[in-house]
Amino acid sequence: MRLSDTIFALASGAGRAAISLLRLSGPDSALVLTRLAGRLPRPRQASLRRLRHPETGELLDEALLLWFPAPRSYTGEDSAELHLHGGRAVLEGVSAALLACGARPAEPGEFTRRAFLNGRLDLTAAEGIADLIDAETAAQRRQALRQAGGALAARYAGWGERLTRLLAHQEASIEFAEDGIPNDLDDEVRQGAATLAAEIAAHLADGGRGERLREGLWAAIIGAPNAGKSSLLNALAGREAAIVSARAGTTRDVVEVRLDLGGVPVLLADTAGLRDTPDEIEAEGVRRARRRAEEADLVIALFAADAAPDAETLALLRPGTVVVANKVDLAAPPASIGGIAPIALSARDGTGLDALRSLLEREAQSRAGLSEEASLTRPRHRAALGEAVDWLEEAQRAPLPELAAESLRAALRSLGRLTGRVGVEQVLDVVFGDFCIGK
Ligand SMILES: Nc1nc2c(c(=O)[nH]1)N(C=O)[C@@H](CNc1ccc(C(=O)N[C@@H](CCC(=O)O)C(=O)O)cc1)CN2
Ligand SMILES: Nc1nc2c(ncn2[C@@H]2O[C@H](COP(=O)(O)OP(=O)(O)OP(=O)(O)O)[C@@H](O)[C@H]2O)c(=O)[nH]1
């Protein structure tokens, strides 16, 4: 991970493609580029050049080059991009030439790690970039862009500055006390710590929406055998993902489909019909269905309108469960099931499907949608902020100003680990460990 190394990696996807993008960064970038292309292109302007192996002189490709002199580059170092023809042999030939020039393959996330080490972004912004690459829905993209743009960084840096001021006041109060000067700085610090702790606690008490949006919601359809669960899953997925049959007890294991519900990624599970059964395999399916219902962020309880609501499913209704009466092409839906007005649906002819989809979108967004303010998105954030709150509370209880100062310093360290101002090598490995190559 030495910054004196010059690194390279494929930044575009692997496999056959029209064009491949090779990234190069580090102190020898200018030298390497000159040896391959004859001379340096004009900074930040695309230039078409022949690339040759520096030792054999063999022509490797005719490519577009971009040269970014430091510090105006993604990493903040001298960097370059080679836009090559996408063939495997082209990539191999150019990679071999780069190795011959002394560059080495980059570790996953190493470009962004260098950008971080050069002070171009904080750790939360770096995580936002990783999330942007993984984003599958519009809401995930918006959250990731906001974080990559420094929204969390700004918030946490603001708290860090306030904390630094509190600490300075606390230290001043200690000195006044030594000089025998009466002062009310202690009270001010206690008040400031309480306000800050409350603000961070409010940010933490967001129901985990940012984390849910990043990871996706878990949803499950539960109901009696033959209620039409598989039919509903297929209707929502728009394809025949689960087997539908007139025989009760068809679905035995959990069948999952990925849905985009109003920008929120949802993993929707079809489960085995809930009933007592002597069949061991089906009984295991029923156990799995119950477990899914317990774990799910969003539960859809499905009843058949032409039958009395079954006790097993009724027993699993909770506040927030979406209750649906299916098969309304056969019978009118009841006004209430378990005290909740059901959505009327016919999975067979599509009646009520749009209304159900809108309701599910609203429910998904209320659990995981974007909030007004940037939300924390990872357990790492939650843990560090939780620690900061604990230390701030400790500071308020401290019997001596010296102890209060110590707790404030610990709170500041927690925030510092979050943004990377306290540069602990371990934290960096956690954050950059799951980046992809070329980022
Ligand atoms: N070809 C290509 N496309 C790309 C990237 C890239 O590196 N290369 N990006 C990579 O993630 C993203 C764009 N992000 C970038 C962020 C900063 C700089 C950069 O050179 N910044 C300099 C100059 C800014 C300016 O002139 O306005 C700087 O901030 O000093 C480049 C790309 C998405 N698309
Ligand atoms: N008339 C009518 N029949 C439906 C409707 N939805 C599903 N069915 C039928 O009901 C039967 C059971 O449907 P499934 O979707 O397999 O039901 P399930 O709840 O997944 O059943 P299990 O796998 O046994 O738990 C099939 O014959 C479906 O065609 C509907 O809205 N109207």
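Just so you know, glycine gets a Cβ as well, placed from its N, Cα and C.
The shown structure was predicted, so the numbers you read here are calculated from the model rather than taken from an experiment.
Taken straight from TrEMBL:
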- ARG23, GLU81, ARG120, LYS439: (6S)-5-formyl-5,6,7,8-tetrahydrofolate binding site (BINDING)
- 216-365: domain 'TrmE-type G' (DOMAIN)
- 226-231, 245-251, 270-273, 346-348: GTP binding site (BINDING)
- SER230, THR251: Mg(2+) binding site (BINDING)
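A simple Cβ count within 10 Å picks out one of the binding-site residues ARG23, LYS229, LYS439 as the most packed, and that one is LYS229.
A gap of 48 Å separates the Cα atoms of LYS439 ((6S)-5-formyl-5,6,7,8-tetrahydrofolate binding site) and SER245 (GTP binding site). Least crowded of the binding-site residues (ALA248, ALA272, ALA347), judged by neighbouring Cβ atoms within 10 Å of its own Cβ: ALA248.
When the binding-site residues GLU81, ARG120, SER230 are ranked by how far their Cα is from the Cα of ALA347 (GTP binding site), SER230 comes first. The DSSP secondary structure for ALA248 (GTP binding site) is coil.
If you take the C-beta of THR251 (GTP binding site) and look for same-chain residues 6 or more apart in sequence within under 8 angstroms, you find LYS229, SER230, ALA242, ILE243, ASP270, THR271, ALA272, GLY273, GLY285.
Counted with DSSP, the domain 'TrmE-type G' (216-365) comes out as 42 helix, 37 strand, 71 coil.
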